[in-house]
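Contents: one structure, followed by commentary.
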């Protein structure tokens, strides 16, 4: 059974197809670290690599970002690259860019041909249409995301966030929340299943931290098309090493058909 109603093809992979994809983050602070991490992660063959550019100390320099993105592209080969500049309010590093400056950076990076997917946060609603337009212009898939590192909102609110992402033209909707109890974990999974039944786009969902670890392993059964795993360094609480995620997913998918 397909994870999503509407799987999308990105290079050599299908997101939302028969099996969940594994995405490994790159969080180096300079080009040397970023490229070293990319080499190490690429050797582990994840389905996707996410460059968390908010960790990059050259984020203010478009030319440096593009040059590094192109080198990541070369090293990664046919592995799709997700470009993310996470805001501080949603768990990222502080960066010296306004939203207007981010728009310029996104257009430059998308135009370079070095990336395949772009993550942007729903909270920046006035800029979502601009990001949607430029991502389409350059053939880059758009993930519209919502992160809450404080608590897990009600199921209805989580479904509404994913619905909002779809309404704004996202290719993929993403929700990541922090649980305070196992009940919160169940809320996230229930929201994922409900949104999967309703929306025609792939979903990425997770409950963070140790309590939510099960969602990173079994989330695909409920409709989460991508799980984030540690390739070299973690970018969020509760991420599990890629080798262990691969082992567990292979067992789950084998016996859940």
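Glycine too: its Cβ is placed from the backbone N, Cα and C atoms.
The following features are taken from Swiss-Prot:
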ACT_SITE  147  active site, proton donor/acceptor
ACT_SITE  174  active site, schiff-base intermediate with substrate
BINDING   50, 51, 52, 86, 216, 235, 239  3-dehydroquinate binding site
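Overlay of Swiss-Prot annotations on the structure.
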{"residue": "50", "record": "3-dehydroquinate binding site", "DSSP (3 states)": "strand"}
{"residue": "86", "record": "3-dehydroquinate binding site", "DSSP (3 states)": "coil"}
{"residue": "147", "record": "active site, proton donor/acceptor", "DSSP (3 states)": "strand"}
{"residue": "174", "record": "active site, schiff-base intermediate with substrate", "DSSP (3 states)": "strand"}
{"residue": "216", "record": "3-dehydroquinate binding site", "DSSP (3 states)": "helix"}
{"residue": "239", "record": "3-dehydroquinate binding site", "DSSP (3 states)": "coil"}
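Working note on the binding-site residues 52, 216: by count of other C-beta atoms within 10 Å of each C-beta, 216 ranks first. Taking only the Cα positions, the spacing between residue 239 (3-dehydroquinate binding site) and residue 147 (active site, proton donor/acceptor) is 15 angstrom.
Taking the Cα of the residue listed as 'active site, proton donor/acceptor' as the reference point, the closest of the binding-site residues 51, 52, 86, 216 is 86. Cβ-based neighbour count (10 Å, all protein chains) for residue 50 (3-dehydroquinate binding site) stands at 25. When the Cα atoms are compared, residue 51 (3-dehydroquinate binding site) and residue 174 (active site, schiff-base intermediate with substrate) turn out to be 16 Å apart. Taking the Cα atom of each, residue 216 (3-dehydroquinate binding site) and the residue listed as 'active site, schiff-base intermediate with substrate' are about 13 angstrom apart. With every protein chain in view, the residue among the recorded positions 86, 147, 174 whose Cβ has the most Cβ partners within 10 Å turns out to be 174. A separation of roughly 13 Å, to the nearest angstrom, links the Cα atoms of residue 86 (3-dehydroquinate binding site) and residue 174 (active site, schiff-base intermediate with substrate). Of all Cβ atoms in the shown protein chains, 21 besides its own fall within 10 Å of the Cβ of residue 239 (3-dehydroquinate binding site). Residue 174 (active site, schiff-base intermediate with substrate) sits 14 Å from residue 50 (3-dehydroquinate binding site), taking the CA atoms of both as reference points. Every protein chain shown contributes to the tally, and the Cβ of residue 51 (3-dehydroquinate binding site) ends up with 28 other Cβ atoms within 10 Å.
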